[in-house]
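**Student:** Please read through the structure below; I'll follow up with questions.
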């Protein structure tokens, strides 16, 4: 029987990176032992924003250092010039066409959104890659188990990158964070990849071999999904023991209307830290501390 513990970090834009880092920092304020167990989990799973946080946690830098980066006035982040509503409209247009053939509906949906991603004009890929490179304190895969998700644009299939994939860490994170319509798809070994959070912001299935999972989700507990079960239902269906921290009302307010806006970074980090302090005791009980 497995005893592996997973920390699963969901997608949520620039706000999500800041918030997840803040939550972990707030937990450390109240219970360093809980924070240490989480950051030293046997498996780290990252999707989209969560891929950046997972890679940062695996870099050897402390939570203090990572949080300070999020609340610093200086940042390498750039504005995509696209808001969430525009991206949603692109998705709905792609999904509005009739379905046919033998592929399952979700894969067809991913392929259609992938086609939108390939056709949409964005910043040049090297510019975006530089942003991702500057997000990461280390560009080397850790010895620990780090799993980062992306979606193959052409096939619509979920892909998981790890240290054995033969993929540069910066490219893996860039692929996982390549929001369709906002950022360019990432080319790896001749394949095109887009944001791993398009079909599921959590991708808890990637931690299915773990006995327990703590999941940080930078969206409300009632957040829907157009592709099936939302994050809360996904957490409930996890075969092991799972504890999820969803963004509370104060955190959602801090995110503002556009989670991709660099201006939401500092408020989201601060709100996450406050929420992490409030969640620490419940997490300690879940982890048996």
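Yeah, the Cβs are placed from backbone N, Cα and C, and that goes for glycine too.
Heads up, here are the entries from TrEMBL:
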{"type": "DOMAIN", "residues": "7-209", "note": "domain 'PNPLA'"}
{"type": "MOTIF", "residues": "11-16", "note": "motif 'GXGXXG'"}
{"type": "MOTIF", "residues": "46-50", "note": "motif 'GXSXG'"}
{"type": "ACT_SITE", "residues": "48", "note": "active site, nucleophile"}
{"type": "ACT_SITE", "residues": "195", "note": "active site, proton acceptor"}
**Student:** DSSP on residue 195 (active site, proton acceptor), three-state: which is it?
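**Tutor:** Residue 195 (active site, proton acceptor) sits in a strand per DSSP.
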**Student:** In the same chain, which residue numbers or ranges, 6 or more beyond the ends of the motif 'GXGXXG' (11-16), come under 8 angstroms Cβ to Cβ?
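**Tutor:** Contacts with the motif 'GXGXXG' (11-16): 47-50, 53, 77, 179, 195-197, 201-202, 217-219, 247, 254-256, 258-262, 264-265, 268.
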**Student:** If we count other C-beta atoms within 10 Å, could you say which of the active-site residues 48, 195 has the fewest?
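**Tutor:** Across 48, 195, these active-site residues, the one with fewest Cβ atoms within 10 Å is 195.
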**Student:** Calculate the per-residue pLDDT averaged over the motif 'GXGXXG' (11-16) and state the result as an integer.
**Tutor:** 97
**Student:** Measuring Cα to Cα, how many Å separate residue 195 (active site, proton acceptor) from residue 48 (active site, nucleophile)?
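**Tutor:** Each residue's Cα considered, residue 195 (active site, proton acceptor) and residue 48 (active site, nucleophile) end up 6 Å apart.
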